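What follows is a set of notes on a single structure, which appears directly below.
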Amino acid sequence: MNGGHIQLIIGPMFSGKSTELIRRVRRYQIAQYKCVTIKYSNDNRYGTGLWTHDKNNFAALEVTKLCDVLEAITDFSVIGIDEGQFFPDIVEFCERMANEGKIVIVAALDGTFQRRPFNNILNLIPLSEMVVKLTAVCMKCFKEASFSKRLGTETEIEIIGGNDMYQSVCRKCYIDS
């Protein structure tokens, strides 16, 4: 793919979205592209930078709104964004960056723990040149898992946690529990 475009990596928790994002950014680095990654600053589960659930770390700018980094990223040609569902301006930002010739790679949940869409990610799909939906392993029956299930009783959408608060589950296990 030449020129600006958007790559969207979606799926449930524990499906390897952040790992795939890092893999793609590293490939562009090997190909001599100037790359930057951005993560949601309220996600501080493991420390600074972008972290995978298996504790791999990658340097990243940390913000709550993508428009806050517009000046800092002008010299970069590849922009990786983790936890895209939490950025309120993800659609406008990605469209602007791709239109300016930048490669934008977004990793995001496609649905909430209630299996409802993150509308900003849903709105990004028709603007993306590439969309990949990953699956995880069901933490109950070990089959393919397409959903994230919260273990607690909280009802707020934005509660950031790992396997202490969420499980990846298949359709049957989601419904049965």
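Placed from the backbone N, Cα and C atoms, the Cβ positions cover glycine too.
Annotated features, as they stand in Swiss-Prot:
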type: BINDING; residues: Gly11, Pro12, Met13, Phe14, Ser15, Gly16, Lys17, Ser18; note: ATP binding site
type: ACT_SITE; residues: Glu83; note: active site, proton acceptor
type: BINDING; residues: Phe113, Ile157, Glu158, Ile159, Ile160, Gly161; note: substrate binding site
type: BINDING; residues: Cys138, Cys141, Cys170, Cys173; note: Zn(2+) binding site
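Put simply, of the binding-site residues Gly11, Phe14, Ser18, Phe113, Cys170, the one whose Cα is nearest the Cα of Glu83 (active site, proton acceptor) is Ser18.
A 10 Å radius around the C-alpha of Phe113 (substrate binding site) takes in these binding-site residues out of Pro12, Cys141, Cys170, in sequence order: Pro12. A sphere of 10 angstroms centred on the C-beta of Pro12 (ATP binding site) encloses 27 other C-beta atoms.
Within 8 Å of the Cβ centroid of the Zn(2+) site, not counting the listed residues Cys138, Cys141, Cys170, Cys173, the chain contributes Met139, Lys140, Phe142, Lys143, Ala145, Val169, Arg171, Lys172, Tyr174. In this structure, of the binding-site residues Ser15, Ser18, the smallest number of CB atoms within 10 A of the CB marks Ser18. Excluding Gly11, Pro12, Met13, Phe14, Ser15, Gly16, Lys17, Ser18 themselves, the residues of that chain whose CB lies within 8 A of the CB mean position for the ATP site are, in sequence, Leu109, Leu134, Ala136, Ser168.
Around the Cβ of Cys170 (Zn(2+) binding site), 22 further Cβ atoms fall within 10 Å across all displayed protein chains. Within 10 Å of the C-beta atom of Gly16 (ATP binding site) sit 18 other C-beta atoms, taking all shown protein chains into account. Separation of the C-alpha atoms of Lys17 (ATP binding site) and Cys141 (Zn(2+) binding site): 21 Å, rounded to the nearest whole number. Nothing from the binding-site residues Cys138, Cys141, Cys170, Cys173 places its Cα within 10 Å of the Cα belonging to Gly11 (ATP binding site).
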